[in-house]
Amino acid sequence: MASQLSRIMRPDDANVAGNVHGGTILKMIEEAGAIISTRHCNSQNGERCVAALARVERTDFLSPMCIGEVAHVSAEITYTSKHSVEVQVNVMSENILTGTKKLTNKATLWYVPLSLKNVDKVLEVPPVVYSQQEQEEEGRKRYEAQKLERMETKWRNGDIVQPVLNPEPNTVSYSQSSLIHLVGPSDCTLHGFVHGGVTMKLMDEVAGIVAARHCKTNIVTASVDAINFHDKIRKGCVITISGRMTFTSNKSMEIEVLVDADPVVDNSQKRYRAASAFFTYVSLSQEGKSLPVPQLVPETEDEKKRFEEGKGRYLQMKAKRQGRPEPQP
């Protein structure tokens, strides 16, 4: 089963340099994934449901997309467990003046089907038919790996980004940023809960502000580490999206983004962590060439610890790209 979406990129989809926001692309990726997974989960007779985004695996932004180009987003279901669906998404950009096409993104998303009658009820997923036994075995390995990582991420995501008065340049406090958003009907699914793509777009926006404040140049999203959706966000909630820089290499910046939801119309529920992720940005010159990044100056013990953890993630991905064994801690 496969589906495709296409849309031309408009000025309000891009930054001042004309590069399409990473969050805009992430939102389209999620829309394509939600359509195909919801369609599949309702392919058999039974209780009707809507597929909710649970996790996005790491995705790299392979090539920039510009205003006037057409984004072609194709989605395919590659694995199903009893209660979840894995969707692989590819994004191609097309210059409709020259006909040139290029691959800009590849992403893997995980969805769970939630009943339309009871949003807390997770339904069973109709199985897919694999052309080869190896496909199912590889899919099961990916499923178990992401399930374990989601549990570990939720366990360690308890802290909150706190503001600091008169911070020094190049410190974590200097560039950290927050955005507050009231969840309205246009942000939500049929259930009245926020679309995963809306949340990802806001997360990318905050991460971009942090990166721009730190290096004061044009910046673009280079990659997004796994985005974990820990809990649903209901219509009417006030969400706070906070970003802080955790690590810098010579030419890249890692930014941690946390999403906290405050159910202001429901006194019975306290503020909670809804999503978290790491975004990587690069700094570009006016000609689109990569620039050196000012080095982050961690001050507190927690900041130094997060810097070392970010350095470990950076070295792992660098080794993977170069085909070398990953460095051991």
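Heads up, the Cβ atoms here are built off N, Cα and C, so glycines get one too.
Since this is a predicted model, take the numbers as computed values, not measurements.
So that you can see what the record holds, here are the features copied from TrEMBL:
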- ASN15: active site (ACT_SITE)
- ASP204: active site (ACT_SITE)
- 302-312: compositional bias 'Basic and acidic residues' (COMPBIAS)
- 1-117: domain 'HotDog ACOT-type' (DOMAIN)
- 173-287: domain 'HotDog ACOT-type' (DOMAIN)
- 293-329: region 'Disordered' (REGION)
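The active-site residues listed here are ASN15, ASP204; among them, ASP204 has the most other Cβ atoms within 10 Å of its own Cβ. Secondary structure of the domain 'HotDog ACOT-type' (1-117) per DSSP (helix as H, G, I; strand as E, B; remaining residues coil): 23 helix, 58 strand, 36 coil. If you take the Cα of ASP204 (active site) and the Cα of ASN15 (active site), they are about 12 angstrom apart, rounded to a whole number. Residue counts for the compositional bias 'Basic and acidic residues' (302-312) by DSSP state, with H, G and I taken as helix and E and B as strand, are 11 helix, 0 strand, 0 coil.
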